[in-house]
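Chemist: Okay, here's the structure, questions in a sec.
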Amino acid sequence: MADDSAATPPSIDGNTLVAKSLSHLGVTHMFGVVGIPVTSLATRAMALGIRFIAFHNEQSAGYAASAYGYLTGKPGILLTVSGPGCVHGLAGLSNAWANTWPMVMISGSCDQRDAGRGDFQELDQIEAVKAFSKLSEKAKDVREIPNCVSRVLNRAGSGRPGGCYLDLPSDVLRQRIVESEGDELVAKVETFSDHVPQARASLKSEIESAVNLLRKAERPLIVFGKGAAYSRAEDELKKLVELTGIPFLPTPMGKGLLPDTHELSATAARSLAIGKCDVALVVGARLNWLLHFGEAPKWSKDVSFVLVDVSEEEIELRKPRLGIVGDAKTVVGLLNREIKDDPFCLGKTNPWVEAISKKARENGEKMEMQLAKDVVPFNFLTPMRIIRDAILAVEGPSPVVVSEGANTMDVGRSVLVQREPRTRLDAGTWGTMGVGLGYCIAAAVACPDRLVVAVEGDSGFGFSAMEVETLVRYSLPVVVIVFNNGGVYGGDRRSPEEISGPHKEDPAPTSFVPNAGYHKLIEAFGGKGYIVETPDELKSALSESFAARKPAVVNVIIDPFAGAESGRLQHKN
């Protein structure tokens, strides 16, 4: 009779060990495109309770993973196949790098013994990801998997967040290990934490200096960005603004940390605010192109910057009057505590506050006069007003607004109103086009109680339009609104002199098929499509689709000559 005690103990392969490691470290969602050699990894992860969202394209899946990291504060996970899959995934990894969002890209790779021999989809992926990765790890043996997974997850969220990479050779994924040994290895790894930087010894004096600069300033300004949003610093910033009465200016994805409708918002008086302020407290925002590098002529040449950033390298790069290295939420909390001990407040009658309020009111009134007109064929303002009003009318949590495109995004930044933090996702620091559908899917997964509304140019939509099938497949509450003006900036914009040469009969480089039926794309997969050309048609489509909270595409036909070439933010207030 066989001796049961001598039976072979149960074993698991590398795929299962990766899945167990991810689950143990708190991963609940993954995004990606499966195939050789990672299909089993996705299946095992699902069996352990990790929701896997399967995309058509690694670029969109990567954008989803990067945005998920921002929205949740935990690294978004992208899974790709080897070679081309890894290269396509670099779009998302680089987006996480540029926006400083936590993300981990995991890619399969060829058998280690076949490296250098021209194996299927062979690529030195560690070298390929180097420019966009904080840390790149390769598991060379199945027993290395738990520690490799732990290291990339922890590094992605530590210090200044960013992307990390994990390489999983095919032979390692096939290797087997006794299950009990695997479980012991997983149990020993370090779990993910928020990694709030430790306070420096000099922090107290820096806080005192910052408060003194604000106290003595005649025209102070508080600027905050998506770094403050990532830090969840909204309560501390609200308290700071209300304690001091200082006007504030959010960057595009900082909008909503304090409501756009707040009486001290300087958004509608941006040019005055940055051009005349003498002290600017910049929290979780970089002095890059979005803020004109902090230089004249947009800023006063005499402005004193107090820069709060989690990265010491960022502060050294910008050379502000005063730099404070630390987490935005923590530092602003310390500023509030220091001010509370010796309070000051500008008050509504302060000349600087009055000037900002007056200019914001004047510019707001001018904008509303333009928005009030029902222009048909549609310009950009008329449908944007209708969309704004429909979003504001949604009961419950504010929808997450995703926006990309040239004119569509720029106009939306001025017109659409954010009332809650982390409810705006757009092209961001890198000005990345193609993020739209990936961001939508990430937002729907990360914020399941919120409607997601994408406001897209037709060019931006085209980058990832096939992912509307993904919306339908997972029944995600996403309404995609496409501003269809027939091309990049709007159809053929060439002068007669430019239409020459042997290919002059070809469409212009900016042109698409006029009046394209984008709404029919989602209908092919069972979603709801709308085509609208008048205010009443748009209002009806938004009312119906918002109430249904099911995948939909609203195709808004725009005058092809309504737009203009755009690449940097054009602020005219």
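Note that Cβ sites are derived from N, Cα and C of the backbone, with glycine treated the same way.
Here TrEMBL flags 14-127 as domain 'Thiamine pyrophosphate enzyme N-terminal TPP-binding'. The annotation domain 'Thiamine pyrophosphate enzyme central' is assigned in TrEMBL to 207-332. Positions annotated as domain 'Thiamine pyrophosphate enzyme TPP-binding' by TrEMBL: 407-556.
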Chemist: Just to be sure I understand, if DSSP states are collapsed into helix, strand and coil, how many residues of the domain 'Thiamine pyrophosphate enzyme TPP-binding' (407-556) fall in each?
Modeler: 59 helix, 27 strand, 64 coil
Chemist: Write out how many residues of the domain 'Thiamine pyrophosphate enzyme N-terminal TPP-binding' (14-127) are helix, how many strand and how many coil, based on DSSP.
Modeler: 57 helix, 20 strand, 37 coil
Chemist: Going by DSSP assignments with H, G and I as helix and E and B as strand, what are the residue counts for the domain 'Thiamine pyrophosphate enzyme central' (207-332)?
Modeler: 57 helix, 24 strand, 45 coil
